[in-house]
Amino acid sequence: MTVWLSAGIIFTLLSVAYILFKWGNMKVVGVTPVRTFTFIAILFTSGLDVGLIMFPLTEFAGYADISASPEYAFTNPLAIEFGFWGFLIWGFYFLTCFYFCVIEPKVKFFELPVVKFVNNVVIIGTCAFTAFLLLSNLPWYLPSIGDGESVVPAFYLIVFAAIAFAVYSSTSIKYVRILSLTTTWVFIALIIGMWAAAFVFGESEITAYFTNLGLIGGYFANIDNFVLPINEYHEFYLFWWFSWSIMIGQFTSRFVGGLKTYQVMLAMMVIPSIPIAAWFSVLYHYHSAGIPTEGITNLAMVCVGVVFVINSLDSLIRLYTDNLNITVERIGKGNYIALNIVALSLLTLLFKLDFLQIQWVGALVITIFFSCFAFILSQKFKSVTAIKTSPKENKIDFTKIENLN
């Protein structure tokens, strides 16, 4: 699996380099273009999930324990955490976003029946894994409910409610903008709130926060160490990012609003990394200073995490229901809601029972990458190399999203 993962990463980075070389100054327009801030909000909130909120506080200590994990000794724990979530791995999303916006309309690889089936398996599997992550992390963050370790019925109800809300919001494209912007602002509010609690109303020195921000430079100074898997846990993260990459690219490609290719890359790799760095620097201070998060802080983190899950599930549900033609117009709103809630709830339980693993989904995505490349070389090479613009039918009209159901 490590060799397969490494091959997928190298292929992805080489593909990004080729795209920038050949089409770097081309204007990219999706089928439903939105303004740049909205596009970034959709990307950020669709491309991240509850792990961004809940994982770091449980991971810093492990990254700092270099006696148990000497492979982390090359930099500090905050840089390790950032490296697992920020900058370089967003290139996966850039590749697939550009592909679906510009290349797929010429290639139509994902319209092949076998590919469409496998792609839907990937989307649905990752969708359920997202809900499972929320379920499995709730005991740590809400120890007042249950014993702090076991998954109690109340946690199932929280996840069920998140699934139900996401299914309902997916019934109309108009909710995308509202949900994405809302998620972005509540995340920013969480960062500001926890920062203020520590540095304004608490006893911490503001200089400690900027010291933490400086520690993230350890990632960029050692970025070569993050390209290929550091260990099995890093492999888990990389497979996880691959499992997301196709569907996030497919989803976000709809909303690109006329940026040039290199600007799309910068928007997708640099801008999301800024709030991630700000957030992790706050969390790292709470960890290193021993500031407790019990009570209202944990509750706030869970609430924002649930909003992230709803946003992620919303985008994934839209994709697989469109691909499978299980639309509200075709089967009715009631049937649509019931079918998706039942299916996602059952699949979430399969992850809970260890019947499914996200690494398998990521490996499947890498297979799709290589298969698509082989298909282009053998069937569509001239069509792809002749591309000069985004599809001509895609026009910049920022009001279009408001007029869709």
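The backbone N, Cα and C atoms fix where each Cβ goes, and this holds for glycine too.
Predicted automatically and left uncurated, TrEMBL annotations should be read as such.
Feature annotations, courtesy of TrEMBL:
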- 6-24: transmembrane segment (TRANSMEM)
- 36-58: transmembrane segment (TRANSMEM)
- 78-102: transmembrane segment (TRANSMEM)
- 114-134: transmembrane segment (TRANSMEM)
- 154-171: transmembrane segment (TRANSMEM)
- 178-201: transmembrane segment (TRANSMEM)
- 238-257: transmembrane segment (TRANSMEM)
- 264-284: transmembrane segment (TRANSMEM)
- 296-313: transmembrane segment (TRANSMEM)
- 334-351: transmembrane segment (TRANSMEM)
- 357-378: transmembrane segment (TRANSMEM)
Query = Out of 114-134, 178-201, 296-313, 334-351, 357-378, which stretch has the largest tally of CB pairs under 8 angstroms to the transmembrane segment (6-24)?
reply = 357-378
Inquiry  = Quick check for me: are there 3+ Cβ pairs below 8 Å between the transmembrane segment (154-171) and the transmembrane segment (238-257), leaving out pairs under 6 residues apart?
reply    = no
Selected stretch (most C-beta pairs under 8 A with the transmembrane segment (357-378)) from 36-58, 78-102, 178-201, 238-257, 296-313 = 238-257
Contact check, the transmembrane segment (78-102) vs the transmembrane segment (334-351), 3+ Cβ pairs under 8 Å, seq sep 6+ = no
Inquiry  = Is the transmembrane segment (264-284) in contact with the transmembrane segment (178-201), using at least 3 Cβ pairs under 8 Å (sequence separation of 6 or more) as the test?
reply    = yes
Ask   = Do the transmembrane segment (296-313) and the transmembrane segment (36-58) share at least 3 Cβ pairs under 8 Å, sequence separation 6 or more?
value = yes
Note = Top stretch by Cβ pairs under 8 Å to the transmembrane segment (114-134) (candidates 36-58, 238-257, 264-284, 334-351) is 334-351
